[in-house]
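TrEMBL lists B:113-302 with the feature domain 'ABC transmembrane type-1'. Under the heading region 'Disordered', TrEMBL lists B:1-23. Taken from TrEMBL, the feature transmembrane segment applies to B:56-78, B:116-140, B:152-171, B:177-195, B:242-264, B:284-306.
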Amino acid sequence: MSQLTTRMRIRHRGSPPGPKNATIPWLVRRLLVGVLVLFLVSVLLFLVTQALPGDVARIILGKDATAEQVAGLRQQLGLDQPLLGQYWHWLSGVLSGQMGTSLENGEPVGDIVGPRMFNSFTLGFMSLVLILPLAVIVGVFSAYKRDSALDKAFVAVSSLFTALPAFVVGMLLIAFFATSVLGVLPGVSNIPPGDLPWWHPAELVLPVTTLTLMGVMYLGRLVRASFIDAMNSEYVQTAILKGLGSRRILFRHALPNAVAASLPAASLVAAVTITGVVVVEYVYSYPGLGTAVVSAVNSHDLPVMQACILILATAYYLFNLLADVFAALGRSR
Amino acid sequence: MTTDQTAGLPPSENPVIGGPAPLDTVAAPLDTGTAAGGRSNLSVLSRAVRTGQARLGLALLAAVGLLVVLGPFFAPYAPDAIIGQPLEGPGGKFLLGTDILGRDVLSRLLHGGLNLSWMAILAAGLGVFLGCLVGLTAAYKGGAVDALLMRAMDVLLSFPEIIFVLLFVSMLGRSTLLTAVLVGVAFVPGVSRVMRGAALPVIGSEYVLWAKANGLPPKQILVREVLPGVTSPLMVETGMRLVWAVSAIASLSYLGFGIAPPAADWGLMVGENQDGLSIAPLPVLAPIVLILMMALGGNLVAESVARTVGRTEGKR
């Protein structure tokens, strides 16, 4: 949750766009910078994984490896070539989908990462589909009943959730729903390879619920705040003074403003859901990118790790970029 | 009212928990009029602490803190000694039962908070210190230095925290110190952006221009003139970062990238005993309760400081 809140508190990112006709050039520049940043991300990832001081092959194989094994791995990873050539080989491989083979079992990285990416995407997408409407409903209702016991309870609970690590939430859900207390849902979401995630709806319930709870608690609070702002705005106050019906004011005046104001936050929630996915997948042993990256780190499976981290970082950055664009468009209106 | 901060850049200890001990408000004879930093730290903190919410938070933190510090002296067994059957229920010899390997849960619980605490404090302190350094430098220098630093921060910000730490841990091996430092570094981009934003108006103000015109060295201007003007966002940032550091480090321990296994740690205990949850819930739930108390207590205090400072930005 932390990076999300930070970003919400950063008002100006880049140069704030001025009048309306300046928005398009700003947008183009922002996207170009985005491409540059993604390129730098790949450079950093490459440098950390392949060009650290010390012998990467030795790190991967451990202290007991023979000299031949180390030499063989160096050749397989192309570590004997000049650094620039290595990077170019790696980047062109990634862009064309040829990401090498896993050091663990010799399978092509694409075959391992592809289905897992799909699984993670499914998990994230289902959570987002639930988070967005629920957050609006909860936030608006809480703002509407402002300072009631219900509203106070929501604020307190959401404050608790923003401080909690995702694994704690996941583990509590398992304890309630998957053990002797209720025992109605599976606590392990191990989807067999080759199956599509939605063939196992029961296994999806708890991971999706965990991510949804975390997202709704955060986004709902922001919707609540922007709805209160919208209701206090001169625009809505004028509508009230004009004697318009309260339902009309609520849905035609206040709600669109509140939703527009929370749009940047919504894409940040999407970005953070990606981080949450890593931990939540691990909690439920769900076969996605998160579990893949953790096991690749544990077994020093360099190519799989590089691919997973690059995908996660790219997706994360894209959603953050989207949030910036929404925020800028919101300001220029 | 200039707050005399002779200690230099932000202290890495926690102003939220530690109370306002190091902040002597000494009225400088020649007050250059720090308009933005007019309210002294002391009054903001004491006002924040007077709210009921903050008191509840402090009580929670104090309870967990006592347990963390004094716990090891009261533990009935060694934290890594296998002394019973696996997953025994509570009662009898073992007050909270045994874990999946047959170790006493209570002893592990009493030993397991120390690492999490110092790692979180180190990570938050480092993140706030470096972030402050980068943010203030960028704001002060402006131009190419500013652009370069902030784009570099953008690149770092593209890695989700946990992924960032995993990336380095995978290549450098795991150690508690490394994990804490990495979490701190992962905080730098966020802190630096906030501090840069807060410092920009202060740097544009007249008294800083006056200091510049009189040829004071940049380091002195930043520490003596700019820093007192940004103490409020700094306090908020430190409080929030501490809460998030607890959350991030507990998560990393849970994933197995924090403290090496035989040692006791709350996050690690949850991960170790997850498979036994249906038979013995206590080895998992007990550390969770403590992590929850720590996170909630910290968050209550941090939020009330943030609210007092008036930087909650839309969150009411």
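Each residue, glycine too, has its Cβ placed from N, Cα and C.
Counting residues 6+ beyond its ends, the transmembrane segment (B:242-264) has Cβ neighbours under 8 Å at 14, 16-17, 79-80, 107-109, 111-112, 115-116, 119-121, 123-124, 127, 161-162, 165-166, 169, 174, 176, 179-180, 183-184, 186-187, 270-272, 291, 294-295, 298-299, 302 in the same chain. Sequence-distant contacts of the transmembrane segment (B:177-195) (same chain, six or more residues past either end, CB-CB distance under 8 Å): 118-120, 122-128, 130-136, 138-139, 149-150, 153-154, 156-157, 159, 161, 164-165, 168-169, 230, 233-234, 237, 241, 244-245, 248-249, 252, 257-258. Pairs of Cβ atoms less than 8 Å apart link the transmembrane segment (B:284-306) most often to B:56-78, out of B:56-78, B:116-140, B:152-171.
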